[in-house]
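Trainee: My structure is below; once you've seen it, I'll send some questions.
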Amino acid sequence: MLGTRQEGDEEEAWLRLRPVEPLPSQCCGSGCSPCVFDVYQRDLARWEAARASKDRSLLSRERHSCPSKLSPETFLAFLISAVDRLTKDTYLVRFALPGNSQLGLRPGQHLILRGTVDDLEIQRAYTPISPANAEGYFEVLIKCYQTGLMSRYVRSWKAGDTAFWRGPFGGFFYKPNQYGELLMLAAGTGLAPMVPILRSITDNAEDETFITLVGCFKTFEGIYLKPFLQEQARFWNVRTFFVLSQENSLEQLPWSYRDRTRFGRLDQDLLEELVSTCRRKPFALVCGSAEFTKDMAGYLLHAGLAEDSYFLF
């Protein structure tokens, strides 16, 4: 009888150690590797092996203790040092890094943010826009939506709070002079992965890649990072254009934007015009909503670009 009770207590102890399967809300949907479900399957296999051999040390051997370096599998805490509101719904958030350390991302790679709202854990992907070699900090551009759970979490942030990130992720790895010209097509915060790639090119005097950046926004006031984009447009190899869906008067825009702005949406005709004016054979980078990304992929194919001549973030 005593042995049966001990076996039952032992079984209950093992069940308490069993990894908890993630909820669908804990997957950011960005195709990260490892995904939160991949990590769960790995931990479950380790638990099953430890349980079969009745050796709990197999669990503790690879348990994540206090990681000090960014990891795709383990969330790491970062201190929020500043929260700046760029528009009514978009924030630029700066996170502190220890000393003069660097985050270690390649330009265009993204991270996964973990948040908790109403006891529900959620995860979303965001791309740092700070220089890849930034020391002591990194910055993220985040748009908040009225009904978004992660948006509720982000809107609660203030300097001194802590947020948890894991990564890096991303399948596009830029190499200097790899392409004759990059055609960057960005809608809204889809501008984020373009920023570090653009900056890495203009910061490198030996990189002679041409860049045509097309930013799609609703209004002129809604264009993110205007000073940065104006500064970048002064480089000999950079052109910037804007497509505004809710504006209709050039006279309302500053002079420096009038010859670089179109109204409406980035459609097939405008895209073909942009491709035809590229100075070298372009490689396209696309980032925006799912609908925008799908449309741009179709337009690029129709414009004569092969599937291996563009990348969809």
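Here the Cβ of each residue, glycine as well, is placed from N, Cα and C on the backbone.
Here the structure is a predicted model, which means the values were calculated and not measured.
For reference, TrEMBL lists these features for the protein:
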- R124, Y126, L141, K143, M150, S151: FAD binding site (BINDING)
- 73-175: domain 'FAD-binding FR-type' (DOMAIN)
Trainee: Given the model, what does the mean pLDDT over the domain 'FAD-binding FR-type' (73-175) come out as?
Mentor: 93
Trainee: I want the residues beyond R124, Y126, L141, K143, M150, S151 whose C-beta is within 8 angstroms of the mean position of the FAD site's C-beta atoms, in chain order.
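Mentor: Leaving out the recorded residues gives L113, I142, C144, G148, V154, T189.
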Trainee: Around R124 (FAD binding site), how many other C-beta atoms are within 10 angstroms of its C-beta?
Mentor: 22
Trainee: Run through the Cβ atoms and count how many others sit within 10 Å of the one on S151 (FAD binding site).
Mentor: 19
Trainee: Could you measure the widest C-alpha to C-alpha distance across R124, Y126, L141, K143, M150, S151, the residues recorded as binding FAD, and give it to a whole number of angstrom?
Mentor: 14
Trainee: Around M150 (FAD binding site), which residues of its chain at least 6 apart sit with Cβ under 8 Å of its Cβ?
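Mentor: L113, G115, V117, I122, R124 - these are the non-local Cβ neighbours of M150 (FAD binding site), listed in sequence order.
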Trainee: Across all chains shown, how many C-beta atoms besides its own are within 10 angstroms of the C-beta of Y126 (FAD binding site)?
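Mentor: Cβ-Cβ neighbours of Y126 (FAD binding site) within 10 Å number 23.
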